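Peer 1: Residues or ranges marked as transmembrane segment in TrEMBL: 31-48, 60-79, 117-135, 156-174, 186-206, 218-237, 243-266, 275-294.
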Amino acid sequence: MNILIALLPALGWGFLPIATGLIGGKPINQLMGTTYGALIIAILVFIFKQPVITMQDFWWCLLSGMAWAVGQMTQYMAFTQIGVSRTMPISTGLQLVGTSVTRVIFFGEWAGLIPKLAGFGSIILIIVGVLLTTLKDNGNNEPKTAEENAAQHTRNGLILLVIGMFGYIGYSDFPRVANTNGWSAFLPQTIGMVIMGTIFVIISAYKTKVNPFKQAVSYKNIITGFLFGFGAFFYLISTELNGVATGFTISQMCVVISTFGGIVILHERKTKKELVFVTLGMICVILGGIITSFA
């Protein structure tokens, strides 16, 4: 039963990017919907659990949520460049590498020789996995212009995801500064998500003269926020039942769902060779994440 609960975050977070693809809208609509939906779930969780939130907890976790919104915005933008099935393994890999490095530097994790060897070995494995997912099949007889466009989209996607990595690092690490537990962090984080998401909406409305607040697709994307909140809620329960290492490791199976969901459900085209590259890369990222969580 505990393991089944541990799988629920993977389902919520794995189907989130697929849902954005099915619902549609621009990245700004998707971000707005996700942040609002997540806040609704967080309020319900707060009422149910009633955790203690200190002022220090609140402000660090507010910053954490704002950082997440930056990372999530770049991820949604990357979907438009390289698709869900390529974005998710790369994004997950970059997050694992970034958070691992900062936790070693700032929080003293991986103390001792063996944990450091295992940890940095896992980082190398994750990097190899990320590189594999970026590979394209050059023997697919596409016109030269199409190949050049695909290469440009890949570069754009990678740049966006590297920028977003720093947002996700802040999301992961800011609550650790205040030593905040997950239940206390959830509501302030989602408030921060909504604040930063609203800032992005205002900037977008000013630049494009199109107001996302007046577009129905923004509110349809609240479903994606429910999926995020669903995953976060059961992740908190899972870590209590199974421990952080096991809960985190199983939750990373979300990348399998989102990657193959992008191919099967969203019909993202892949040659046989590219499918092999993505599968091998995803396996490397998952194995690296497992090693990291136990290092």
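Just so you know, glycine gets a Cβ as well, placed from its N, Cα and C.
These figures come from a predicted structure and were not determined experimentally.
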Peer 1: Sequence-remote contacts (6 or more beyond its ends) of the transmembrane segment (275-294), Cβ cut-off under 8 Å?
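Peer 2: Contacts of the transmembrane segment (275-294) (Cβ under 8 Å, skipping residues fewer than 6 from its ends): 85-86, 89, 92-93, 96, 100, 118-119, 121-123, 125-126, 128-133, 135, 137, 244-246, 248-249, 252-253, 255-256, 259, 263.
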Peer 1: Tell me, please, if the transmembrane segment (31-48) and the transmembrane segment (218-237) are in contact, taking contact as 3+ Cβ pairs under 8 Å between residues separated by 6 or more positions?
Peer 2: yes
Peer 1: Six or more residues out from either end of the transmembrane segment (60-79), which same-chain residues have a Cβ under 8 Å from its Cβ atoms?
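Peer 2: For the transmembrane segment (60-79), the sequence-distant neighbours (Cβ-Cβ under 8 Å, at least 6 residues beyond its ends) are 17, 20-21, 27-28, 30-31, 34-35, 87, 90-91, 95, 156-157, 160-161, 163-175, 177-178, 180, 184-185, 188-197, 200.
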